[in-house]
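The structure appears right after this line, and notes come after that.
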Amino acid sequence: MDAGCTMGLSVTVFVMALLLSGAASLRIQAYFNKTADLPCQFTNSQSRSLSELVVFWQDQERLVLYELFLGREKPDNVDPKYIGRTSFDQESWNLQLHNVQIKDKGVYQCFVHHRGAKGLVPIYQMNSELSVLANFTQPEITLISNITRNSAINLTCSSVQGYPEPKKMFFVLKTENATTEYDGVIEKSQDNVTGLYNISISGSITFSDDIRNATIYCVLQTESTETYSQHFPIVPADPVPVEKPRLWIAAVALTLIVVCGIVLFLTLWKRKKEQQPGVCECETIKMDKAENEHVEERVKIHEPEKIPAKAAKCEHRLKTPSSDKSAAHF
């Protein structure tokens, strides 16, 4: 290798080392499923044409996101995970990464090489560090138990689909005289596909006699934000006394049973009586016979000593119907 080539290689290595050592990462943020702008911030002070430059971006694993080779895009060098997800803005020299996912966070590098008489020479490099955010849903409080005085109520609060991992979650009880924080049992989970977090907290809060009205809300803390739930109004109700069994209920029930029994007895007795008509008829016949005999005795008592023939006939007539009637009943 001649001295010229050795010297040129040394200069190239020196320039790259200088660029790498002095390169500072620019922190940028993007939201989940949105677009991130990966800057290059190259100042083309010499007004070089894109046909003289090679521009490309790579991630921290050295996978190529985009390459513009002498003014033409080269998709063959792009990693499959980035195909169709990038677009280059020639005016701002920003690379737009679309449909950002949690796994896209990390360091990205922009390289600019110039093609001269001696080949490609690196003239610019910039690092940028991408962080991905996803807003948690507004925390939502769910009441598990009823609210009464001198008893604890059970609450849960939950928020989902957020990133990065939340730091803390707690309840706040606000009354007329004080504001109190309540911790609870926190549960976190992370989706294996999206990388987003879900979080919930469960806790109990006790109300004293002097609390007439209050509000409860839930707070979710992340690295940079706090998210609040809607205020949940609390108006503890007085405990409902347990009523003892009332005596009048038992009395009414007993009365109904007795009345039903009497009605049933009378119904059965009447039905049985209707099924035996001969007994009544016999009693009626006996009563008629007794009356006839009594009449006859009265006739005999008042009978005159001498009865004319006509009177005897009349007496005979009076006796005959009675005897016939008695015979008919027998």
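Glycine too: its Cβ is placed from the backbone N, Cα and C atoms.
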Second cysteine of the disulfide that Swiss-Prot assigns to Cys40, among Cys5, Cys110:
Cys110
Between Cys157, Cys280, work out which one Swiss-Prot annotates as bonded to Cys218 by a disulfide.
Cys157
For a three-state summary based on DSSP, what are the helix, strand and coil counts in the domain 'Ig-like C2-type' (150-225)?
0 helix, 47 strand, 29 coil
